[in-house]
Structures are given as structure tokens and as C-alpha cells.
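Colleague: Below are the C-alpha cells for one structure; questions will follow.
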């Protein structure tokens, strides 16, 4: 029996084993993101790495970093990821979601090879990080988008949030490896091993992604309804029964939105910022909402700790800063598991709002203690700062870390999703670049008072969530579009909105007509016919949507839809 015929019951609905496998395989893209982020913090302290690439010396004659050089070496990867994220919109649309991910892995491998071969010039190492960043940036767009388009809505939030879980695992594993090789830091093998292992970690994604189904929404947007139906069936564990009621409903919800949008083609970049010509509800609003949340995700301050944590805690008098990084990485992983639970249990709005406030409190403590009680004069200050950092990361890992990726997976319409997701992710990497570039310079200038900047950013993030972000928990991607089109629905009341034809967001009304105009379309007729057949009440006046979205792979014509409506009436 193939994996496409196996399923498990989650949240009251059948979810295919292939959907779970897809989530696991694609999350390796997040692992690479985290691994590349976490490795540099410890490598900056390695003796051989400093001797080869640092350009200054300290008072003892040892190699030391110039703040500007350190900023460039760390941050140019973020410029690469920004450009890679923008390119991800094109490769995901041109080649499909799966091939685009394999392309991103190939670029990442090339970048790692360039880094491993660096000898004595920081420019060589910096350019390798730039190229690897191009690949990571491409993956950071493609993975959440692919996951959100493929995962059944009953597990979509958790699957997309698993991308952030994989990021945390990548950071933790890189910290463990840094901790393990620190005893040979006088040898170039220390940092070459750390970078080289990234090559091995990337191969399961590049190869494995080709074995899972292509995005049904990408296929349907290209009028390959036959392929879309088969993909949906596999993701539900119903490859042997592609006419099943669950698949019918998934096809129907896709059809109503995608067929209408496909008549005017794929959205342009200009449309993302003007809303024309499609007239999709709140399109520009959603473009800037996703971009703002992702920029603010970086300015919560998380990578201040993950890029420079070892350096920060070394300056705070901590005896083993690499071990401290390992502790922070472990907290990050454990609390992200909690985030996977609350994203489905409590939605997106409240965790993001409360998480931002909690993070602001602990960052304020971190900065205040560092400023008022300088670590060099107070040995206990370092301990308090570590506790504050752990409490901050615990909140980030359970809220802003995973949920920002869920936002870009759920907020955008399929017509412009690739470009909007690309822009939002590029803003994430822009924020990442600014953090990685400015932190050494700011730390050298204002010290721990830099933490107050992140306090303010978290408060801004809480305000953005409360006043602008709509709750999308348990909605299909098509119904998210519907919600944004309802003028009476406000962000702070959006959690109460239920789609037409549903009793609750989780439970569909089997007898409801799902048509805003008050008539039954062919798709709704097909769904009701399937339900009645289960009850033994088959009506000859209705036929399933399978007869309209047919096995030839072509999409229904307008005349077919009108005929379906006539039959339903």
C-alpha cells in the first residue's frame, strides 16, 4: 500500500500520511535557516577562525574583530537571503513549489562549499555566506507557502509552525556542534566541520521534496484540475478514492476562488501594492500587514541573542558563553513545541499580542539590569541577564517565532501569494540584516541600553496585531479571502466570523447552500449529492463536481457551471 492511501484522523478529519511527511521534509528548509543562523555566533569566538579572518588584535596580541568587519561578515548572509526571498516568488511560480525548493537547496550547497574553501581572507568567507543566504532566502519563501497550500486546514497551522520548530532545531544543533568542536578551535577543522555538516543536512530536503505531491493550488491555478484532485486525494490519504466527499469539498472551495482569479492571470508586483485590476479584498492591506509582521519579528530582538549571544555573554563575564548559547537554543526548541499547540488551540491573534507584551517586559529587565548594574562590577548581573534572555526566548519561540510564518502562509490570496510571501519574507530578511549589521556597532556605542530599542519594537508589534491582524484559525485559504471581503468584520472581532455554510469554523453544515448570491452552484450541488448518497438519499437532479472538474485535466467552463446551477435549482 502506497503512502497516498494512508491517513490519520486529526481534529475530526482525515489527514494523509503524505501531508505529514511533506511537513516534515519541507521543514528541513527551516532547519537550514536555523543552522546557518546559529553557527556564526560560536564560530566568531573560535581561535583559528579569528586568526584567519579577524583583522585587529587585542591588548594581549590575539586576533580580534573590528565591529564593522564583524557586522559585514555576519550580515551579508542576510542580504543574500533578502535577494533569495525575492527570487523565490519567480521560481515558485515558474517551476512549481517542489522544484523551486530543490533549486534553493542547490544554491545553499554552493554557498557552503565556497565557505569551506576559504583560507585567509574574510571577503572569501563573506561571499560564501552571501551565496548560502541566496539559497536560504529562496527556501524561506517556498517552504511556508508550499506547506500552507498542501496541508489540510485541520493541521495547517501546526504544519506551517513546524517550519519555525525546525529553525529552532537548526539553531540548537549548530550550538551543540559548536560546543563539541570548541576543544579543537585552534584547528581549522573546528569551523570547517560546522559548515560542512550543513551540506549533509540539506540533501534530504533537496531529494525528498521531489517524492511528495505538488501543491494542489499551484496545479489548479494552471488549470490542471486532474492533477490538483489527485494531489488533494494523496494529502488526505485518499489516493484510491479521489471522488471522496472530503476531496470534493476541498476541490469545490478551491474552484470558486481560483477559477475566478485565473481568468485575469497571475498577479503582478504592481497589483500587490495597488490592488488593481483584480479587486481582491484588502489586497494592499494584506501586503503591508504580512511585511510589517515579518519585519517586526526580527526586531523583537531574537537574533540579537542568536547572532551575538556568545559575544554578549562573554562581555557580561559569563565563564562559558557557548554553553549559554546552548541553553538558549534548548529553551527555543522546547517552547516551540508549545507554540505548535497554542497556534491551533488559541489561534494567532491573542498569542501574538500577549507574546509581544511579555517579550517587552523581559527585554526591559535585561537592558535595565545591564545598564544599572554593569556586569564587570556585579557578578550576579550576568545570571539575571541569562534568565531574562531565556524568558524572552521562551515567549518568542511559542508565539512570534512560528506564528509569523503561519501569517504569510494564510493571509495572501493565491493569485498574488508567491509575490506577497516573497515581499514579506524579504522584509523579514531586511530586519535580520539591520539587526546583524547594527548590533555590534550599537553595542560598542550604547551597550546594553540597545535592549530598549527592542522593547519599543515589541510594543509596536502588539499594537499592529491588535488593530490590524485578522484571526484565520481553522479557515480554508479560500475562506480567509472571504473574511477579508466582509466590511463589517474588524480585526478584534474576526475570531467570531464563521464562513457561509458552516456551523462553526471547524464544522460544516451539510445542508447549507454555499453561495453568497443565494443560488446553488454546481460545486455545492455536488457536495450535497455526495452527502445524501452517504445517507442513501441520492438525488438524480444533482451530480458531483467530478463531472465538471473532469478527468481530462481541464477546468470547468462557464457553461458547465451554469448547467450545474440549473440542475441544482
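Glycine is treated like the rest: Cβ placed from N, Cα and C.
Sharing the feature lines straight out of TrEMBL:
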TRANSMEM  12-35  transmembrane segment
DOMAIN    22-473  domain 'Major facilitator superfamily (MFS) profile'
TRANSMEM  68-89  transmembrane segment
TRANSMEM  101-120  transmembrane segment
TRANSMEM  126-146  transmembrane segment
TRANSMEM  158-177  transmembrane segment
TRANSMEM  189-212  transmembrane segment
TRANSMEM  283-302  transmembrane segment
TRANSMEM  322-343  transmembrane segment
TRANSMEM  350-371  transmembrane segment
TRANSMEM  383-409  transmembrane segment
TRANSMEM  421-442  transmembrane segment
TRANSMEM  448-469  transmembrane segment
COMPBIAS  529-541  compositional bias 'Basic and acidic residues'
COMPBIAS  549-558  compositional bias 'Polar residues'
Colleague: Given pairs 6 or more apart, does the transmembrane segment (189-212) have at least three Cβ pairs under 8 Å with the transmembrane segment (283-302)?
Modeller: no
Colleague: Can you work out which residues elsewhere in the same chain, 6+ from the ends of the transmembrane segment (68-89), have a Cβ less than 8 Å from its Cβ atoms?
Modeller: 36, 40, 44, 53-55, 100, 104, 107, 111, 122, 125-127, 129-142, 307-308, 418-419, 421-423, 425-426, 428-430, 432-433, 436-441
Colleague: For the transmembrane segment (12-35) and the transmembrane segment (448-469), does the number of C-beta pairs under 8 Å, pairs 6 or more apart in sequence, reach 3 or more?
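Modeller: Touching, no - the transmembrane segment (12-35) and the transmembrane segment (448-469) miss the threshold of 3 or more Cβ pairs under 8 Å.
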Colleague: For the transmembrane segment (158-177), give me same-chain residues lying six or more residues beyond its boundaries with a C-beta closer than 8 angstroms to one of its C-beta atoms, as numbers and ranges.
Modeller: 19-20, 23-24, 26-39, 41-42, 143-144, 147-148, 151, 193-194, 197, 201, 306, 322, 325-326, 328-330, 332-333, 336-337, 339-340, 343-344, 397, 401-406, 409-410
Colleague: Taking 101-120, 350-371, 448-469 as candidates, which has the most Cβ pairs under 8 Å with the transmembrane segment (283-302)?
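Modeller: Against the transmembrane segment (283-302), the leading stretch is 448-469.
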Colleague: Ranking 101-120, 126-146, 322-343, 350-371, 421-442 by the number of C-beta pairs under 8 Å to the transmembrane segment (448-469), which range is first?
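Modeller: Ranking 101-120, 126-146, 322-343, 350-371, 421-442 by Cβ pairs under 8 Å to the transmembrane segment (448-469) puts 350-371 first.
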Colleague: Could you name the stretch, out of 101-120, 126-146, 350-371, 383-409, with the greatest number of CB pairs under 8 A to the transmembrane segment (322-343)?
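Modeller: It is 383-409 that shares the most Cβ pairs under 8 Å with the transmembrane segment (322-343).
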